[in-house]
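Contents: one structure, followed by commentary.
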């Protein structure tokens, strides 16, 4: 009963009020706009194509619908498929799902959904899964070879197929009619069959070369050049899918290759150009314009090109006594070529269907249950309707006849089963239209066959004349001649046309303005004849191509028959008869597909277009048939479960039978007896108004029950809340009282302890005054001092600073009496840290620190460049002495290691110019040598160095003052410049101290004098404006005894 809950519009049109076309269209439009594309008419499903993917399919929804009956959930194609499958499985009744509708209405997709549902819910097993996979994979193959883009649909089925999945152990696919005329000609805006475009787009270069094809579709006459691509369709990808599907079905690699070769043959036949020729006797003949195309075909299929050319351009007429060869004119040769192409493709399609059936057939020993899925052409009304549209609409007319008859039969059988009197239903029987087409003597198809077989001049015009004579007074036939006889003028009716008023387009009335279908008789004779000359059949049989040979068994010379093959119309009529027989033998399930708009756009709903489809699908007629007696019926159990709340005796519980309960409910509601009928297992309701009345009463009753439930619930919730609050209050009170008593007890205990303490103290003081009064003050003072001292020391132990020697922090003393001790402890702790730090140093690190300490004592606060030298470790060797053996020889073998090796600049005391020198400092000497020569130029003993003068600026200028008595000192002092003056003088200071046990005097001053020969020169160092930036020296001689140095 979910059908009526939260439903958009009416889910079942049987319940539609009023039952007219306009409300029906509005209901479909309302549901379509809310993406409810499925609607019921009883057990008939209406499907409106949404032109988009909706999230209502897949395993989740399959599992949902397989567990419920037809009306328990929203209308869905899975519900209908489930009913069909359960009837097949549980009742052992063969099923058939008839899917009808216009081209582009979604019939092919509907058939896929039905088959996918059956495949999902049927049994499991290796054989079952294999057959299911093969059945599902047959769809892309059949679509590729049997579907094409039409004006109305990008993937229109151009054949009638009947899938019989049957038991999960196998299946059968029946092909009734392929629109093979499409192979050679398509309307504007349409394409040929998909496989041609898929082959050219998806085949690799090697395969195209083997098939002698080119990828460009414009090179093939049988392909519409204006429409080579379809939006949303990937031909290359689809070709790969077709190849994979054929492999899954069971096609061998050889079979797939042969199928593609035959497909390529059809394309290449269209490129065979014929020429109009004349024989010597003046009779028209034909020939091949370009031999290359015929040769390529012959090479591909293993046939002599001359034999193929002869078969295309001539015809052999055989009688009982003689054989006559006649040449074909240009038109006849074109007909022969196109007929061959059509027959090859049609027979190839039949072979593919049979090959699929071989793979999925049921074993001979298996019991067969059959479910047929009929995917048929939609009813077609084009601007120019020809023979194909005529037979398609004839098939739809027969299906409509079956639909009405079987619907009435089903209704009558249900009434009979339930024991309810059956009232005859008046409805339009379209048998008169079916007889107009299929009557054995006076039907259009019979007269078309008669005209094709009649000797003499036969044409489409003579066929139309015959129709006008026979059906001049038929109510559902008209032409230009019959209109003239009735003095009607219709400029839309052509001279070569006739019209049939199909039941499918009758609509509501039967007046002169009713819509009818116009057919053009041009090419009716040729398409019905569908002749393939015997020469072409024999030529194809002679080809060294196994598949092509099997397609033309009549080409075997020993089996040649002079009997004329049946016409296309006769074959189709026979196929329709077989189809009708199959349908009558099965339980039908109907899906009516509707196309909402002509542009295949989502969300668009054309009421005019849908109205035409609802008429020719007979939806209103179907609803009337369903409502002729009783509009609604339901089993007693579900009905009672839904409506028992309306009766006082059945609510809230009922212990009797279902039928008795339904009678009780309806009796208390005082419904008219004419509106109700009680069957054996179901309740029947005549008018939808009565059902809506029940629904309204149920809705009001639900509101009352909801209010009652809310009242009971609120009362229960309030009582529960009160009880919870009362319980909580009691708990809180008990805890509060207990806590108060505990606090009172704690206060009483504390008071008792305090009193006891005071008493014990009083007693102790009393005893103390009596025995210990004399030495108490000293004892207490000593105890207090020791206590605060202990507290101080313990606190200091717990708050000692880090062991980092740079950390000079120390906690303050809590009392002034500890200040001295605190300072001593601080000094002791710092010394301990320093000793600990020194003990961890390596000898090399100790030497480095000693040098740094010495530099600090000499230059800290005196020399501006000292702070920059602190973080830089002393290197000593700035010349790479280890790699220069010549410089190592200068120091001599007994001098020991070189303490300092650096490049310095010597200032000329006479003119102030500088020159580069190499300075080596050893343990006993200072050696100066020229940078370009490897010989010692000046060797100064450390005992000759009396003093060093250096400036306080950042420059590297210093003067070595020598003793006059020394041999070198007699030449005068040295004025030098070094970039590492701090390190050099520090090392020199330590070397002099180690060598002479005296401290070298280092003077930091900006004015000093240096001895020069017999006289002295005063040196004055000043700081220039850029002295702090680059430290460059500028020496300027001022007179003969003054040298000014700017740093």
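Note: Cβ is positioned from N, Cα and C throughout, glycine not excepted.
Among the features that TrEMBL reports, ATP binding site is placed at 101, 102, 103, 104, 105, 106, 107, 108.
What TrEMBL records for 8-699 is domain 'Myosin motor'.
The average pLDDT computed for the domain 'TH1' (863-1047) is 82. Residues annotated as domain 'TH1' in TrEMBL: 863-1047.
According to TrEMBL, the region 'Actin-binding' annotation covers 576-598. Below 8 angstroms of C-beta separation, residues 28, 32, 41, 43-49, 51, 77, 80, 83-84, 87, 93-107, 110, 114, 152, 160, 162, 176, 370, 372, 374, 378, 394-395, 398-399, 402-403, 406, 410, 438, 604-606, 609-610, 613-614, 617, 619 of the same chain, each at least six residues beyond the ends of the region 'Actin-binding' (576-598), sit close to that stretch.
Counting residues per DSSP class in helix, strand and coil order gives 9 helix, 8 strand, 6 coil for the region 'Actin-binding' (576-598). Within 10 Å of the C-beta of residue 105 (ATP binding site) there are 26 other C-beta atoms, taking all protein chains into account.
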